[in-house]
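Let me begin by presenting the structure, written as structure tokens, before commenting on it.
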Amino acid sequence: MNVENAYCEKLREILKSYGIDMNEQKIELIARYLLLLIDAPINVSGIEDFESAVHKHVVDVLLPVSWLEGRLLDVGTGGGVPGVVLSIVYPITSVLVDSSKKKTVWLSNTIEKLGLKNVEVVCERIENLADRYRESFDYVTARAVAPLRILFELCAPFCKINGLLLLYKGPNWPEEMTQAKRAAEILKVKLEESVEYRLSGGERRVLLKFRKFAPTEKTYPRETKKILKRPL
């Protein structure tokens with residue numbers, strides 16, 4: 001892999017400052033991914049410099065996660081965050097879903113360039129995948145997609161019983177949770193842990209881990225327009 005040493009060194013340096021350690025192969029893969037993300041012909045990340053991408057798309061994803069293995073679904077993946085980074089670092093097989101054709105075409109090409117055999121990209125509205133993927137994943141993750149009361153309906157049906165929803169949020173998540181209590185009860189998920197952390201600029205972040213404790217009724221998820229119009 002021919003990634004400029006300066007980018008790998010910068011990535012390694014930033015990760016080390018947070019206590020995140022990984023081998024050289026993973027460093028190079030993540031550096032290549034970030035460079036492709038920054039140079040994408042369409043806006044898939046909103047970030048244009050490498051160092052910011054490391055903080056926002058790598059540190060933010062990895063810092064609150066200790067270990068993953070099994071199958072992961074990334075809902076509303078966009079440019080592949082957090083799914084691609086988690087799939088490089090941990091022994092998981094991932095399905096990355098987004099309804100944008102442009103984004104998924106770019107992401108599929110990127111996955112091929114990186115040689116990631118454990119990642120599949122699907123262009124589809126998530127509710128249309130319920131029959132195919134219902135209760136199939138150990139982990140279902142989402143970042144910057146929707147409020148919790150909506151996320152629960154988009155994510156919970158695809159999570160195995162005893163599996164985890166891994167939802168990245170900001171400091172106002174307790175307000176979202178207050179509004180999402182009914183949705184959590186209906187969709188059979190319960191908050192197990194909230195991992196709070198800060199990025200170098202002082203930005204407060206949290207990873208919410210919700211345990212799926214029973215099957216979700218097959219009436220969920222509804223069509224996205226219905227979820228948005230009448231959230232649980």
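Backbone N, Cα and C atoms are what each Cβ position is placed from, and that goes for glycine too.
Nobody curates TrEMBL annotations by hand; they come from automatic prediction.
Per TrEMBL, S-adenosyl-L-methionine is bound by Asp98, Ser99, Ser100, Ile126, Glu127, Arg143; the candidate from Gly76, Gly83, Gly115, Gly163 named for the same site is Gly76. According to DSSP, Ser100 (S-adenosyl-L-methionine binding site) is assigned to coil rather than to any helix or strand.
With a cut-off of 8 Å between CB atoms and residues at least 6 apart in sequence, the same chain places Val97, Asp98, Ile126, Ala142, Ala144, Val145, Ala146, Leu154 near Gly76 (S-adenosyl-L-methionine binding site), listed in sequence order. When each of the binding-site residues Asp98, Glu127 is scored by how many other Cβ atoms sit within 10 Å of its Cβ, Glu127 comes out lowest. DSSP classifies Glu127 (S-adenosyl-L-methionine binding site) as helix under the three-state reduction. Gly76 (S-adenosyl-L-methionine binding site) falls within neither a helix nor a strand when secondary structure is assigned with DSSP, and so counts as coil.
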